[in-house]
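**Student:** Before I ask anything, here is the structure I am working with.
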Amino acid sequence: MQATEANFDGLVGPTHNYAGLSFGNVASQNNEKSIANPKAAARQGLRKMKQLADLGFHQGVLPPQERPSMRLLRELGFSGDDATVIARVAKDAPELLAAASSASAMWTANAATVSPSADTHDGRVHFTPANLCSKLHRAIEHESTRRTLRAIFNDADRFVVHEALPGTPALGDEGAANHTRFCADYAARGVEFFVYGRSEYRRGPEPKRFPARQTFEASRAVAHRHGLAEAATVYAQQNPDVIDAGVFHNDVIAVGNRNTLFCHQLAFVEQNAVYDELRSKLTELKADFNVIEVPDAQVSVADAVTSYLFNSQLLTRPDGKQVLVVPQECRENPRVAAYLDGLTSHAGPIDDVLVFDLRESMKNGGGPACLRLRVVLDDAERAAVTQGVWINDTLFGRLDTWIEKHYRDRLAPADLTDPQLLAESRTALDELTQILGLGSLYDFQR
């Protein structure tokens, strides 16, 4: 049966703001306390989804999570009605209100790790929501993520949505941002590639400036849970020096698709050995392996971090050629722009580059790859997905109108104290679940 890759992008939520919550994420820290535009952010992401759908890619949407998270604030000891809780947190612990209000669930590359049915022990698609335990504002996401995934992938004969791994530093899991899959064809068995920043129990190099968020132990646990064959699984350590330079996830320094890996020269520890293991295991599956390694002399790690060259989507078009989806910051960096011009002028796996304005997300450290969760589906599996989440002309129009109706065009950190923002968000999300056909997804609907 034929299979293709679908991308499920996160729809930016109404509380999108710049609180600078993510230590190790250079853009997040640099833009702390800036004025955000949630309406523009949501529309920028939606336009990317629509353009890719128009090009023939299977494109779905994942809804925002409810924010601010009143559950978190009440669990932390604040009581009273919603307005009273928000006022008390704003006065006593504004950093907790910022964490509870973050729209970071829009970066669905961190939502889960996904293994397609061709790779798993039981022939079903497996999802493990990421515990994201390194950051408070993200550690509160996984329960809602699991609920959302189960609403969309609700056929138990075809899909398994697990619980997140235990939320301990030893099992720190950041999802698909540290995972990719290589194969000759999407329907064929592939090699799954897990990248970690440190190991809890093994000796090895670690970053000194910024934390490594993904552990080897978490990656191995996900592979075991999904029933992946050891002969078709590769683990690699991310270069700790690039983590210290702001590469907080592997998808800021590398991206893969089918049999192609596009990465920076300094992406991994023992990089050539990583290539050799991937090539060897793919050869066993009768698949070729292509590496496009970007020299540090042409594009530095600093350029990669500011432009998000590697936080791109590498997609296979219906005609079999590959296209690289990059943020407009890549065209604004002269060295990165020159590299991309050369990349497509030579005969190689990547035939074209598409450029998108994702400025609102980029200012928080999220490019095209951050905004999407990849799910390989065969024809029957795709038909089993809740159909209301697929982007088409009708859904695009309804979502665009919904954004115009419900989203603010200006949100400063001080605005998070406004209890009306919670009311506005709940009204918007209640309508959204009806648009997408997802039922009572949120706590306030139950």
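Even glycines carry a Cβ here, placed using N, Cα and C.
Note that this is a predicted model, so its numbers are computed, not measured.
Feature list, courtesy of Swiss-Prot:
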type	residues	note
BINDING	19-28, ASN110, 137-138, ARG213, ASP251, ASN364	substrate binding site
ACT_SITE	GLU174	active site
ACT_SITE	HIS249	active site
ACT_SITE	CYS370	active site, nucleophile
**Student:** Using a 10 Å cut-off on CB atoms, tell me which of the recorded positions ARG138, HIS249 is the least crowded.
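**Tutor:** It is ARG138 that, of the recorded positions ARG138, HIS249, has the fewest other Cβ atoms within 10 Å.
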**Student:** If you draw a 10 Å sphere on the Cβ of the residue listed as 'active site, nucleophile', how many other Cβ atoms land inside?
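**Tutor:** Cβ-Cβ neighbours of the residue listed as 'active site, nucleophile' within 10 Å number 26.
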**Student:** If we count other C-beta atoms within 10 Å, could you say which of the recorded positions ALA19, LEU21, ASN110, GLU174 has the fewest?
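**Tutor:** Minimum Cβ neighbour count within 10 Å, taken over the recorded positions ALA19, LEU21, ASN110, GLU174, occurs at LEU21.
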**Student:** Can you tell me how far the Cα of HIS249 (active site) sits from the Cα of ARG138 (substrate binding site), in Å?
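**Tutor:** Approximately 14 Å lies between the Cα of HIS249 (active site) and that of ARG138 (substrate binding site).
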**Student:** Can you see whether DSSP assigns ARG138 (substrate binding site) to helix, strand or coil?
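**Tutor:** Assignment for ARG138 (substrate binding site) reads helix.
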**Student:** To the nearest Å, how far is the Cα of CYS370 (active site, nucleophile) from the Cα of ASN110 (substrate binding site)?
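**Tutor:** Pair distance, Cα basis, whole Å: 7 Å.
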**Student:** Just to be sure I understand the packing, how many Cβ atoms besides its own are within 10 Å of the Cβ of ASP251 (substrate binding site)?
**Tutor:** 29
**Student:** Quick one: pull the CA-CA distance for ARG138 (substrate binding site) versus GLU174 (active site), whole Å only.
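**Tutor:** Between the Cα atoms of ARG138 (substrate binding site) and GLU174 (active site), the distance comes to 10 Å.
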